[in-house]
Amino acid sequence: TIMTDSNHTPSCYANTSTPYTYAPNMGKVYLSAIFSILGLISNLVAFIVLIKSCKQTQNTSRSFFLIFLGGLVVTDFMGLLVTGSFVMSFYVTYVDWRLSDPTCRFCNFMGMSMVFYGLCPLLLGATMAIERFIGIKYPFARSSRLSKGRTVSMVLLVWFIAGSISLLPLTGFGSYHIQTPGSWCFINISSKRGDWAFSLLFSLVGLISITASFLLNTVSVVTLIKVCRGAGRRQRSRDHEVEMMVQLILIMIIATVCWCPLLVRLSFFPFILDVHK
């Protein structure tokens with residue numbers, strides 16, 4: 001009766017265009033635990049290595065890059081910790097959040113976490129691409145303006161932007177909805193103007209970040225290839241630039257593969273709704 005009486009059903013559990021089925025037997029707890037633990041250990045090891053590298057490096061550009069990379073690792077670690085804990089608790093307890101969370105507080109928090117920890121890597125990847133573009137294309141202009149304090153501030157700004165977007169459904173712009181099998185919540189995809197506008201905002205921010213990363217990284221790689229051909233004595237310093245670009249391209253590829261299908265689907269959903277009306 002909870003899902004059929006729309007007048008008394010909390011918005012995060014109501015029948016909308018977002019399909020939902022309570023299926024606690026869909027999936028295994030050990031799979032979620034293995035992926036979460038491996039991800040947490042990998043990020044923890046990466047963070048330790050980054051701290052050591054940051055202390056040892058004498059290259060200013062690399063130290064700035066490591067700060068951005070550290071912000072990305074911390075974000076990914078916390079994302080796995082928060083979301084993984086909720087997912088594993090679902091498979092252990094088989095809790096039905098429609099009964100245990102009638103005020104949608106858990107669902108809203110889970111949805112906010114998914115949006116925040118989803119946007120942060122994309123925005124940080126774009127920010128790192130901008131930093132590398134300026135560092136390779138205009139090294140003297142960058143060195144005179146950028147400092148470690150400003151780099152940290154840029155990471156904090158990315159977190160603030162992603163956090164602000166994730167909080168919008170709490171103000172009435174969009175909403176979060178429980179997803180099959182009932183272990184997580186995400187953006188509510190429905191025909192309501194606020195819902196599709198929020199899903200469109202999320203997808204556009206993500207797609208713009210990926211596109212900016214691709215374009216800037218492409219220009220940076222081409223520029224770096226041209227510079228390295230005539231580097232001569234400066235080849236050793238350019239080795240750091242090459243290493244950072246390889247790492248950045250790998251980050252961009254992983255983010256694109258993981259998020260592009262969902263972002264494209266969300267961006268076209270409002271137009272699909274118009275066709276079906």
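Each residue, glycine too, has its Cβ placed from N, Cα and C.
Counting same-chain residues at least six beyond the ends of the transmembrane segment (29-51), those with a Cβ under 8 angstroms from any Cβ of the stretch are 66, 69-70, 73-74, 76-77, 80-81, 84-85, 87-88, 91-92. What TrEMBL records for 29-51 (among others) is transmembrane segment.
Taken from TrEMBL, the feature domain 'G-protein coupled receptors family 1 profile' applies to 42-277.
Annotated transmembrane segment per TrEMBL: 63-94 (among others), in sequence order.
What TrEMBL records for 114-134 (among others) is transmembrane segment.
Remote same-chain partners of the transmembrane segment (155-176), defined as residues 6 or more beyond its termini with a Cβ less than 8 Å from a stretch Cβ, comprise 11-12, 67-68, 71, 75, 104, 107-108, 110-113, 115-116, 119-120, 123-124, 127, 185-188, 190, 192, 194-195, 197-199, 201-202, 205. Residues or ranges marked as transmembrane segment in TrEMBL: 155-176 (among others).
Annotation comment: TrEMBL describes 196-225 (among others) as transmembrane segment.
The transmembrane segment annotation in TrEMBL covers 246-273 (among others).
Here the transmembrane segment (63-94) has Cβ contacts under 8 Å with residues 24, 27-29, 32-33, 35-36, 39-40, 43-44, 46-47, 50-51, 53-54, 57, 106, 110, 113-114, 116-117, 120-121, 124-125, 127-128, 131-132, 135, 146, 148, 151-152, 154-155, 158-159, 182-184, 244, 247, 251 of the same chain, all six or more residues outside its ends. Counting only same-chain residues 6+ beyond the ends of the transmembrane segment (196-225), those with a CB under 8 A from a CB of the stretch are 115, 118-119, 122-123, 125-126, 128-130, 132-133, 136-137, 165, 168-169, 173-175, 187-190, 238, 241-242, 245, 248-249, 252, 255-256, 259-260, 262-267, 269-270, 273.
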